[in-house]
């Protein structure tokens, strides 16, 4: 081949290679899409691009008023990391402020990270009973085979965690709503669990103005190493009046409850149906309790006791052991109010609650228990 033809062929091939190469902006786009770790500084971008990332870093997110930090339907195995301070704009609405769902998801916090809901903007002493409409904080619904660990949460407007999941572990989470003690915090439950199987909560610190944990339905639930203060104590219920009204195989153990209305509590709904079975409260220390050290009652209606128990939600195979400590002088140490034949197969041992009063209004106390 003549030399001028060889030069022409090589020039043509080189031009084709240059034209086939991506432009610099295209290379950048490809790099972003192939990256497994995505760092977001806005809620909208995190929600829009969540499916492209195996690790999502939420860096100093400011969630707009009336919007949810929506990380639902994450791809399996995604890790979510809260970094810096996460904040939320103010609006009267029902929320939630955060919702996360998926399978095999890990949710955790970087060192020093805080999720600050600044609930004082909504607090008015009414909670969910009236006044301002307040957003729920965190929906862990369909967050299955997953883990939430190390979150540091401040001042939720009302309830913190709503849990409807299977095989979920929550470890080392702090919910600090103590500012609400003097500023109108109300109904600031720590963990509300319903329609769930296999939930484990370990080493939680909850400072609030309602239940530390409330199990309304579900099975195979384990709460251990909890530190609860300021609220309504460790609760089963209220059970009854919902789509699912069964609580089964629950253990609440190795925890402390201080400066709260109740120590441990089971409450079922008046004239409702359902069941509570295989529940264990063990090795719990109480102090500074203002209402009841232990309270088990089957008379709730519209969120308040009626004084008249019914038998539609039996409480069976209950173990209460190693519940110790003190209540205030005008509080009741133990109160049991059961419907006819509605409480049976109870084991009661090592209960030593002092400094309060003995109730004369207990009814149908089952064999083995004392009131």
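Please read every residue number as a count from 1 along the shown chain.
Yeah, the Cβs are placed from backbone N, Cα and C, and that goes for glycine too.
Under the DSSP three-state reduction, residue 232 (active site) is assigned to coil, being neither helix nor strand. The Cβ of residue 232 (active site) lies under 8 Å from the Cβ of 210, 211, 212, 260, 261, 262, 265, each of these being in the same chain and 6 or more residues away along the sequence. Summarising the annotation, Swiss-Prot assigns active site to 232.
A coil conformation is recorded for residue 53 (disulfide bond) in the three-state DSSP classification, outside any helix or strand. In the shown protein chains, 21 other C-beta atoms lie within 10 A of the C-beta of residue 53 (disulfide bond). Summarising the annotation, Swiss-Prot assigns disulfide bond to 38-53 (among others) and lists similarity to another entry as the type of evidence.
Among the features that Swiss-Prot reports, disulfide bond is placed at 212-228 (among others), with the record citing similarity to another entry. For residue 212 (disulfide bond), the number of other Cβ atoms no farther than 10 Å from its own Cβ, over all displayed protein chains, is 30.
If you look up Swiss-Prot, you'll see 338-343 (among others) marked as disulfide bond. Annotation for residue 338 (disulfide bond): same-chain Cβ neighbours under 8 Å, separated by at least 6 residues, are 296, 298, 309, 315, 363, 364, 365, 366.
As annotated by Swiss-Prot, disulfide bond applies to 362-371 (among others). Following the DSSP three-state reduction, the secondary structure of residue 362 (disulfide bond) is coil.
The repeat 'PbH1 2' annotation in Swiss-Prot covers 165-195. Mean model confidence for the repeat 'PbH1 2' (165-195) is a pLDDT of 99.
Here the repeat 'PbH1 3' (196-217) has long-range neighbours at 127, 159-160, 163-178, 180-181, 185-190, 223-239, 242, 244-247, 250, 252, 257, 260, 274, meaning same-chain residues at least 6 beyond its ends whose C-beta is under 8 angstroms from one of its own. As annotated by Swiss-Prot, repeat 'PbH1 3' applies to 196-217.
Annotated repeat 'PbH1 6' per Swiss-Prot: 276-298, in sequence order.
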Long-range neighbours of the repeat 'PbH1 2' (165-195), counting only residues six or more past its ends (CB under 8 A):
119-120, 123-129, 140-159, 201-218, 221, 223, 228-231, 242-244
Sort the residues of the repeat 'PbH1 3' (196-217) into helix, strand and coil with DSSP and give the three counts.
0 helix, 14 strand, 8 coil
Least buried by Cβ count (within 10 Å) of the disulfide-bonded residues 38, 228:
38
Express the distance between the Cα positions of residue 228 (disulfide bond) and residue 53 (disulfide bond) as a whole number of Å.
36
